[in-house]
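Novice: When I checked TrEMBL for this same protein, it listed these features:
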type	residues	note
DOMAIN	B:78-164	domain 'GHMP kinase N-terminal'
BINDING	B:A105, B:L106, B:G107, B:S108, B:G109, B:M110, B:G111, B:G112, B:S113, B:A114, B:A115	ATP binding site
DOMAIN	B:227-299	domain 'GHMP kinase C-terminal'
2 protein chains.
Amino acid sequence: MNAPLAVKVTMPPQRLLSACAVAYASVGNVGVGFDILGHCVAGASDQVEVHRIDTPTVRIAAIKGCVEVLPMDAAQNTAGAALMALRKALGLQHGFELTLHKGIALGSGMGGSAASCVAALVAANALLERPLSRESLYGFALEGEAVASGGRHGDNVGPMLLGGLVLATRDRLLRIPVPPTWHCALVHPHVVLETRKARAALAGDYALSEFVAQSANLALVLAGCWQNDAELVREGLKDVLVEPRRAPLVPNFARVKQAAMDHNALGASISGGGPSVFGWFEHHADAEAAAHAMRSAFNEVGLDSDTLVAPVEGPAAQLIPCIEGERQA
Amino acid sequence: MNAPLAVKVTMPPQRLLSACAVAYASVGNVGVGFDILGHCVAGASDQVEVHRIDTPTVRIAAIKGCVEVLPMDAAQNTAGAALMALRKALGLQHGFELTLHKGIALGSGMGGSAASCVAALVAANALLERPLSRESLYGFALEGEAVASGGRHGDNVGPMLLGGLVLATRDRLLRIPVPPTWHCALVHPHVVLETRKARAALAGDYALSEFVAQSANLALVLAGCWQNDAELVREGLKDVLVEPRRAPLVPNFARVKQAAMDHNALGASISGGGPSVFGWFEHHADAEAAAHAMRSAFNEVGLDSDTLVAPVEGPAAQLIPCIEGERQA
């Protein structure tokens, strides 16, 4: 057979002028990795549309979706602040205009502010002449996250950038392997718990013995993931440091957690700053059953809630077709 | 060829009446795993000879070697207390008589008390009708360790029981894989630092931010071991929690540590409660050169010291021929 004729068509260089990206909800802390461990959960997401503009600035055109009370001042907005940091670091001449489509409720403990920040970065990155690696976007994501929470912690933005379960230290991201069959149930009661209030509950001093117990638990969870050993995770997935201090902020927490444990959870705790509660499960069916039971437990105190059930190895943020179509120069 | 004739000789059941075991020095804490992480280091060891006696008690016949000031009262001695706990838990009718041959200096931060305790347990275990697994000896080893240090921490007895680098939580031991080429340099200055004094330096309150930094470092070290990635260990092997509080107790610590770092250490810190200092190295030659430089740094303040260079994956405690020969009934 003859090879088909190769026809080389030289196109003028094209420059993308707009891009859209989606970033998924996340479970921050994962109980035992306060501020350093998190994973994504498919099923809830923020989308951000970024236009390259000639004006050397970052501006927010609109915020749509389930949240409309966010700051329109870019410097006060997680997505805006992240892109401002990106512009400054790269010395970009052009600016960005953002439209945020919020799908993750703020103050839910599901990484809503982080998702806008990461989606904006991934979209803006696609508009650069030399796009950066996901790891290289991390520092800018931390800048954005700091606007929302007051701290540079990567346990939400880290997993959103890389996907799956991620160790997010001050300087680096590292993906931790997780068996693909392990599932997370994430239940979001319809009540707002501000990140700053959740952080205030952690003020004060800590005993060294608390840290020894918590770091042993963290090590067991990491070992269980690396070794694909659910029993190690079951032994370690117990937050003895943060959960006792934040549990009073989550309505009916003890019974919601127990509902997860009653359905064979490897462990269950508060997602991020709360009030959402998550559980990890070896099997999808257990996670489904637990999600219903956890929802019922929130119902006991008059709270409706949303439930998500998805693999612990959730998806990374990604580019998506813009709703109004991409425009090219 | 014909198979050789199989001659089955039925021997009367024999009962071992004495056994000897050796347990090697260890690096407790390994910088980032306070009270939960440790590994053995070949080259220094305690040996214990255990005789089964009809008297229902545990007694210490003699303590020989480099330390002779230890309590002869079994209940006050780590090895004696461990065997008392073993007798009680198993409801043994018979007792044990111990002779300790100390090769590890007390108050050195090299697990000297733990080594006697583990060697005694391993030897006594061989005298049982149904010997226990190493993991099952762990609880008794913790009982013994508590006599010496006042706390139930397994970062010395754990690795001595299993060998290699071990995560030792309250309830379980887990071996962490380490590349066999990685070496440890362990330098013991001739000055005593009592475990209880080293613990007193840790009194007081801790900030949550200290825990976040330290647990990120612990996670990096564990990740580096599992993934055979020395750079992750190099990034994480930094004790920001305990070392700053204990460093003033170790003469010339800053320069001893720097000597290790100057020879490509992945990290260096205080071994156990000190005053010994350890470093981890990718290559044997670096560890050898570092050990000399670390020794010189102790010399600067008038202290002589011993050096050990050995693989991080050090040997577990093991049975050895008794010097005077084993006796059988």
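Backbone N, Cα and C atoms are what each Cβ position is placed from, and that goes for glycine too.
Please treat TrEMBL annotations as automatic predictions, because they have not gone through curation.
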Novice: On the 0 to 100 scale, where does the mean pLDDT of the domain 'GHMP kinase N-terminal' (B:78-164) fall?
Specialist: 95
Novice: At 10 angstroms around each C-beta, which of the binding-site residues B:G107, B:G111 has the fewest other C-beta atoms nearby?
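Specialist: Selected from the binding-site residues B:G107, B:G111 on minimum Cβ neighbours within 10 Å: B:G107.
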Novice: Neighbour count first, Cβ atoms within 10 Å, every protein chain included; then name which of B:A105, B:A115 tops the list of binding-site residues.
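Specialist: In terms of Cβ crowding, the pick is B:A115.
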Novice: Across all the protein chains here, work out how many other Cβ atoms are within 10 Å of the Cβ of B:G109 (ATP binding site).
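Specialist: Within a 10 Å radius of the Cβ of B:G109 (ATP binding site) lie 30 other Cβ atoms.
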Novice: Note the Cβ centroid of B:A105, B:L106, B:G107, B:S108, B:G109, B:M110, B:G111, B:G112, B:S113, B:A114, B:A115, the recorded ATP site, then list each other residue of that chain whose Cβ lies within 8 Å of it, in sequence.
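Specialist: Leaving out the recorded residues gives B:A25, B:I104, B:N156, B:G272.
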Novice: Taking DSSP three-state, what's B:S113 (ATP binding site) in: helix, strand or coil?
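Specialist: SS state of B:S113 (ATP binding site) = helix.
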Novice: Within 10 Å of the Cβ of B:S113 (ATP binding site), how many other Cβ atoms are there?
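Specialist: A 10 Å sphere around the Cβ of B:S113 (ATP binding site) contains 25 other Cβ atoms.
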Novice: Using DSSP, what's the helix, strand and coil tally for the domain 'GHMP kinase N-terminal' (B:78-164)?
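Specialist: Helix, strand, coil within the domain 'GHMP kinase N-terminal' (B:78-164): 50 helix, 8 strand, 29 coil.
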Novice: In the domain 'GHMP kinase C-terminal' (B:227-299), how many residues does DSSP put in helix, strand and coil?
Specialist: 39 helix, 9 strand, 25 coil
